[in-house]
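The structure appears right after this line, and notes come after that.
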Amino acid sequence: MKPPILIIIMSTVILGTMIVMTSSHWMLTWIGFEMNMLAIIPILMKKFNPRAMEASTKYFLTQATASMLLMMGIIINLLHSGQWTVSNNLNPTSSILMTTALAMKLGLAPFHFWVPEVTQGISLSSGMILLTWQKIAPLSVLYQISPTINPNLLLPMAILSVLIGGWGGLNQTQLRKIMAYSSITHMGWMTAILLYNPTMMFLNLIIYITMTLSTFMLFMINSATTTLSLSQTWNKAPLITSLILTLMLSLGGLPPLSGFIPKWMIIQELTKNEMIILPTFLAITALLNLYFYMRLTYTTALTMFPSTNNMKMKWQFENTKKMIFLPPLIITSTMLLPLTPMISILD
């Protein structure tokens, strides 16, 4: 893809998300979603092979269905209230339709089936955009309508997402699918806290985006797409491989890394709201994610795959590509836990 075209498309993706986040009119919100969806499809098809085309088609069909449900909810709310203003006094029927539509856009269970398939069929850079930037717009609308969301609809979705995100990643060897199931799990944690402390959801989102961006950038540097290819990078670029493993443990929520912060604060907030069963279940199912990240860490760092070369390290390491934003992203992805007491605005 030529640079001028890529700049125009990326600008449209960013503009669509910004329109959704800043608009107070439901029609503008819907237009922002459509701009974002139509602009992201050429980015998903950047590789232009049958797998990428299939993934883009699946993404388009899912997002188009979600947009249709969203528009239906907007129209029902218009007929009920007589206004287009984005507010938190929605009609119950339109609230259910909008919540379902936004859950489809986010990839929450049981509407999660498209996320691993689409992520696996596209390039690492496209997958990075899909699993980070594309989550911002639906979550911002969920934040705006959170007072009217039915807990009996959203909480089962959150619990199912955490459970399926953990189970689905257990037998995966493809790194993109592992990241997709990790995304489903994190979306489940965010929607679980949405009804009790919406601001904490954005803290979780910021940390999740930081960790996912760092991990995908390191995958791109190593050109690693499977567990096998990742394990073979240890003797080429040991520093980068060790950083990937640290980031994966952070994504799994292992203390004392940054990924533990949102889990810790969400469990604390749910306990304050006299919810005992939900945080207990979330903490237990989080072990599924931590298990497959620990297993990936073990196979990559603590075992040596069969090789024709008996040398444990190459005499000259590969000259890897430089990424300017990578060092600060890695630092924030792994070392934020001591700063947790400073986050007093959420109390």
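Positions of Cβ are set from backbone N, Cα and C atoms, glycine also.
Positions annotated as transmembrane segment by Swiss-Prot, on the basis of sequence analysis: 3-23, 25-45, 59-79, 96-116, 122-142, 149-169, 178-198, 201-221, 237-257, 274-294, 323-343.
Tertiary neighbourhood of the transmembrane segment (3-23): same-chain residues 29, 31-40, 42-43, 86, 129, 133, 136-137, 140-141, selected by CB-CB distance under 8 Å and a gap of 6+ residues from either end. Here the listed stretches are 59-79, 149-169, 178-198, 274-294, and the one with the most C-beta pairs under 8 angstroms to the transmembrane segment (122-142) is 178-198. Of the ranges 25-45, 178-198, 237-257, 274-294, 323-343, the one with the most Cβ pairs under 8 Å to the transmembrane segment (59-79) is 25-45. The transmembrane segment (178-198) is not in contact with the transmembrane segment (25-45), judged by fewer than 3 CB-CB distances under 8 Å for residue pairs 6 or more apart in sequence.
For the transmembrane segment (149-169), same-chain residues at least 6 beyond its ends with a Cβ under 8 Å from one of its own Cβ atoms are 92, 95-96, 99-100, 103, 108-110, 112, 116, 142, 177-178, 181-189, 191-192, 194-195, 278, 281-282, 285-289, 291-292. Within its own chain, the transmembrane segment (25-45) is flanked in space by residues 1, 5-6, 9-10, 12-13, 15-19, 52-53, 55-56, 59-60, 63-64, 67, 70-71, 74, 77-78, 84-86, 105, 118, 122, 126, 129-130, 134, 137, 141, which lie at least six positions past its ends and keep a Cβ under 8 Å from the stretch.
Below 8 angstroms of C-beta separation, residues 124-125, 127-128, 131-133, 135-136, 139, 143, 175, 179, 182-183, 186, 189-191, 193-194, 230, 237, 240, 243-244, 247-248, 250-251, 258-259, 261-262, 265-266, 320-321, 323, 325-326, 329-330, 332-333, 336, 343, 346 of the same chain, each at least six residues beyond the ends of the transmembrane segment (201-221), sit close to that stretch. Packing against the transmembrane segment (274-294) from elsewhere in the chain are residues 155, 159, 162-163, 165-167, 169-170, 172, 178, 182, 185, 188-189, 192, 196, 248-249, 251-254, 263, 266-267: each is 6 or more residues past its ends and has a CB under 8 Å from a CB in it.
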